[in-house]
Amino acid sequence: MAEICYENETMMIETTATVVKKATTTTRRRERSSSQAARRRRMEIRRFKFVSGEQEPVFVDGDLQRRRRRESTVAASTSTVFYETAKEVVVLCESLSSTVVALPDPEAYPKYGVASVCGRRREMEDAVAVHPFFSRHQTEYSSTGFHYCGVYDGHGCSHVAMKCRERLHELVREEFEADADWEKSMARSFTRMDMEVVALNADGAAKCRCELQRPDCDAVGSTAVVSVLTPEKIIVANCGDSRAVLCRNGKAIALSSDHKPDRPDELDRIQAAGGRVIYWDGPRVLGVLAMSRAIGDNYLKPYVISRPEVTVTDRANGDDFLILASDGLWDVVSNETACSVVRMCLRGKVNGQVSSSPEREMTGVGAGNVVVGGGDLPDKACEEASLLLTRLALARQSSDNVSVVVVDLRRDT
């Protein structure tokens with residue numbers, strides 16, 4: 001009897017387990033089916049109709065509340081992501097704050113004008129370069145810029161002047177960053193420039209009308225008068241007979257001295273080196289070169305040297321403008337006359353009287369011998385002044401190329 005009861009109890013337990021298992025399986029199937037149906041409803045494309053105007057689409061199935069709940073959930077998660085991203089951006093900006101370079105104040109850009117004309121010469125051998133902010137000095141709140149301008153008067157051919165135009169400002173920047181002494185850095189810059197020109201001639205890398213046939217290329221050289229303008233100083237380095245003139249309180253002040261063979265100290269130096277100055281259409285080194293210093297002219301070394309004379313002038317409130325020009329201007333126009341012409345232009349007394357397209361009258365303007373860096377445009381008044389000086393030189397029968405740079409130094413304009 002006990003065995004029958006035990007067997008019945010065992011069968012009942014197995015039957016109950018089977019029923020529970022079937023019920024559980026059925027429930028899971030129903031839950032899975034319900035979940036799949038819900039998923040299909042969520043993923044199916046809702047039919048909606050457009051209404052005129054800017055109203056939102058109206059859903060036909062009346063599921064707007066569920067849609068809004070989903071949108072609020074997405075918006076919350078998006079806000080969280082945006083907040084985290086914003087925090088990362090802030091941290092990144094804080095980490096980079098020490099490396100951010102302040103842009104120069106637009107008012108700090110120099111006002112200048114350039115004119116370079118072939119004049120009565122058959123070939124254009126002058127070159128001009130202007131590089132605003134060619135060297136920058138970063139402070140905590142601003143970027144102080146140094147401005148560079150230079151005039152190069154070539155002789156024998158144009159390739160030395162062109163090389164100076166392309167390279168000398170880079171050498172000046174490199175040397176000044178290595179040693180802040182302007183006189184030493186300028187001297188090293190000119191020496192390196194001279195060595196590069198000599199190497200250029202020896203290697204035959206330049207392509208020009210002298211055809212690199214020695215000794216023709218050894219007879220090619222260029223003057224160089226360059227100026228670096230800082231907020232406190234006017235630095236001028238000169239090698240040759242181009243010139244820099246400052247107008248201060250209406251008076252002309254020469255910031256360079258022409259290197260002519262008959263200048264007493266230059267004559268003594270040439271003779272001490274074993275050279276001679278022969279008067280042939282004016283004083284000339286060995287009767288050939290009308291200047292005692294130049295970049296290049298390898299065949300006249302050591303009598304003709306490339307070492308520049310450097311002047312450093314403190315800027316003052318009375319500074320009006322600076323003129324750099326080749327001897328094509330200074331041979332026929334005095335310092336005082338040149339300053340008077342520029343002063344009239346800057347005061348607007350000749351505004352509109354100078355043609356804006358001088359190429360039709362003067363060969364060489366815009367002929368590719370002028371390089372301007374920094375992305376800014378020349379000042380109209382300074383441009384008119386430089387162009388008027390070239391016209392004055394031609395009117396006074398200048399027989400040379402004429403190149404002029406005018407820089408406005410007034411602080412209140």
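Note: Cβ is positioned from N, Cα and C throughout, glycine not excepted.
Of the listed candidates (D153, D179), Swiss-Prot assigns D153 to the same Mn(2+) 2 site as D327, D400. Long-range Cβ neighbours of D400 (Mn(2+) 2 binding site) (same chain, at least 6 residues apart, Cβ-Cβ under 8 Å): G119, R120, R121, D153, S326, D327, G328, D331. The sparsest Cβ neighbourhood within 10 Å, among the listed binding-site residues (D153, D327), is found at D327.
On its own chain, G154 (Mn(2+) 1 binding site) has E125, D126, A127, V160, A161, M162, V220, G221, S222 as residues at least 6 apart in sequence with a Cβ closer than 8 Å to its own Cβ. Looking just at the domain 'PPM-type phosphatase' (111-409), the mean pLDDT is 87. The secondary structure of G154 (Mn(2+) 1 binding site), as reduced to three states from DSSP, is extended strand.
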